[in-house]
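Enquirer: Got a structure here, written out as structure tokens. Questions coming.
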Amino acid sequence: MCGIVGILGREPVAERLVEALKRLEYRGYDSAGVATLEGGHIARRRAEGKLRNLDLKLHAEPLNGTVGIGHTRWATHGAPTERNAHPHATEKVAVVHNGIIENFRELRHSLEAAGHVFRTETDTEVVAHLVTDEMNSGKAPIEAVAAALPKLKGAFALGFVFDGAPDLLIGARRGSPLAIGYGDGEMYIGSDALALAPFTDRIAYLDDGDWAVLSRNGAEIHDAAGHKVERPQIRSQASSFLVDKGNHRHFMAKEIHEQPEVVGHTLAYYLDMANDRVRLPKLPFDIASLKHVAISACGTAFYAGLIGKYWFERFARLPVEIDIASEFRYREAPLEPGGLAVFVSQSGETADTLASLRYAAQHGQNILSVVNVPTSTIARESHAVMPTLAGPEIGVASTKAFTCQLAVLASLAVAAGRARGTLSEVDEQRLVAALVAAPGLMAEALKLEPQIEALARNLSKAKDVLYLGRGTSYPLALEGALKLKEISYIHAEGYAAGELKHGPIALIDETMPVIVIAPYDRIFEKTASNMQEVAARGGRIILFTDAKGAEEAGVETEATFVLPDMPATITPFAYAVLIQLLAYHTAVVMGTDVDQPRNLAKSVTVE
Ligand code: F6R
């Protein structure tokens with residue numbers, strides 16, 4: 001979603017603002033802008049579309065100010081036009097904003113009644129006018145911001161610069177993340193440490209409700225109640241090199257190919273590979289005495305959680321309830337105190353997942369998060385964190401974060417099974433040995449890329465695609481459909497294969513590709529019957545299976561992809577690679593913006 005940067009520099013900052021914004025591109029955006037003080041007065045350059053358009057504007061009309069703010073906007077209120085692009089400004093203040101100001105309509109009405117003239121449809125513009133209104137009543141910039149913030153409702157991060165104040169930058173955080181960077185005679189704000197990495201590795205994260213007044217000498221941080229507070233400075237690990245695509249055409253391709261390595265790292269963190277045992281960090285609750293697990297997440301992370309549910313229930317005989325976070329947060333689930341609530345999130349900033357976490361914490365749950373960004377809000381608000389070691393995921397469509405989430409959930413489920421006595425030591429060794437083999441099998445799956453690429457050329461002509469699977473292949477079917485629709489814009493649906501007869505079979509005709517994920521397992525025959533039903537109606541079957549599955553399928557397929565035999569526990573890892581490759585190559589054929597698909601954001605910090 002929107003990205004924020006701000007620099008109080010010693011030299012002109014416009015170029016560096018854009019450089020930092022480029023590092024936030026992965027969050028998704030549809031317009032961008034910067035504001036600096038030129039001769040003490042606010043000057044802005046903004047552009048629709050990609051950052052190169054902003055670059056061109058700055059080239060034509062350079063900005064030379066040494067204090068400035070920048071923004072990539074993912075439209076919520078108002079179309080993604082130049083007029084609605086941030087920074088928004090009055091003659092007194094310029095502001096950049098990530099999140100949603102929920103009470104913007106009321107504020108706008110009262111400000112308009114007081115004579116303020118609005119020029120955009122955005123919720124953000126009210127912040128500029130609200131602060132201006134406070135300044136018009138005689139307040140200095142800092143007091144004006146302090147007076148304005150409590151009047152705003154919603155979740156947001158903000159950055160401000162002020163006309164006539166060349167040594168002042170203010171940042172505020174409620175809900176959406178904001179980091180402060182400490183340089184040598186320079187100070188920075190940014191949505192994350194990755195944006196600031198070229199300038200500094202000394203970072204402090206604002207807590208919820210904090211706001212910070214920056215000068216070139218440092219920062220004074222206030223909490224929501226207005227008390228001065230200290231937030232620890234940490235050394236960020238974010239690389240100052242722009243994470244690059246290596247020799248791949250897209251970040252998504254690179255991230256798909258990285259999976260054997262990063263899943264291997266993640267497994268090595270949780271498993272004692274020499275002895276085929278699980279080795280979890282110490283958890284602040286007793287897994288053995290748990291009665292219930294609640295998992296909550298969004299999108300792809302939700303599907304990882306759904307596969308986790310199958311594992312927890314099978315290995316640890318622990319009942320698991322799983323919810324889409326946007327539902328969980330409002331459905332008022334009764335939670336018996338002492339239960340375990342697990343939150344799965346790549347970014348660790350997803351608004352619905354965070355709200356669900358807070359609900360569970362208020363209801364006495366032990367909070368465990370599986371996150372890829374260990375400094376994220378979700379990680380910081382959890383009682384225990386099990387990081388995925390996927391490294392920065394830049395492609396908007398999640399790939400390596402998903403399989404690393406599987407690695408963590410599988411390790412946890414096996415550990416739970418051991419602690420609860422539902423798995424023997426021999427079972428543990430068998431399961432761990434299987435997990436250790438997963439990266440190698442993912443590498444095998446990558447070898448099928450040329451055939452998948454060929455299939456993608458056909459698939460790109462389809463209007464609708466159906467994905468089917470049973471057991472842990474059912475969440476994979478959902479994930480396959482999500483991946484395809486989000487990057488190729490082809491309509492796709494995932495179904496439990498057993499559900500076919502209950503509705504979706506009506507869609508089957510000779511134009512409909514049906515992708516069946518069916519490793520040969522104890523329920524393969526059931527899926528084979530479903531394939532018969534599809535074949536009988538002329539549907540085009542594309543089968544992902546193994547040698548035995550290919551032999552026993554009993555139907556003619558348009559294409560069959562054969563993976564090596566593998567233990568059932570690790571099929572989601574290897575088969576995930578195939579569905580990712582298929583979505584990726586179909587999108588490439590379609591010519592879409594694979595890494596930044598339309599309308600999508602990497603980190604969904606609004607509801
Ligand atoms: C799909 C995708 C999204 C995210 C979802 C949750 O490819 O990336 O569905 O999985 O927005 O995001 P995180 O994991 O950051 O909470």
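Backbone N, Cα and C define each Cβ position, glycine as well.
As annotated by TrEMBL, active site, nucleophile applies to CYS2. Among the features that TrEMBL reports, active site, for Fru-6P isomerization activity is placed at LYS602. Sequence annotations record features per position, and here TrEMBL assigns domain 'Glutamine amidotransferase type-2' to 2-217. Summarising the annotation, TrEMBL assigns domain 'SIS' to 283-422, 455-597.
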Enquirer: Just to be sure I understand the packing, how many Cβ atoms besides its own are within 10 Å of the Cβ of LYS602 (active site, for Fru-6P isomerization activity)?
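Expert: The answer is 24.
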Enquirer: Are there any residues in the same chain, six or more apart in sequence, whose C-beta is under 8 angstroms from the C-beta of the residue listed as 'active site, nucleophile', and if so which?
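Expert: Long-range Cβ contacts: ARG27, TYR29, HIS71, THR72, ARG73, TRP74, HIS86, VAL96, HIS97, ASN98, GLY99, SER191, THR605.
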Enquirer: Three states by DSSP: which one describes LYS602 (active site, for Fru-6P isomerization activity)?
Expert: coil
Enquirer: On the DSSP side of things, how many residues of the domain 'SIS' (283-422) fall into helix, strand and coil, could you say?
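Expert: Counts, helix then strand then coil: 61 helix, 24 strand, 55 coil.
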Enquirer: Mind looking up the mean pLDDT for the domain 'Glutamine amidotransferase type-2' (2-217) in the predicted model?
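Expert: Averaging the confidence scores along the domain 'Glutamine amidotransferase type-2' (2-217) gives 94.
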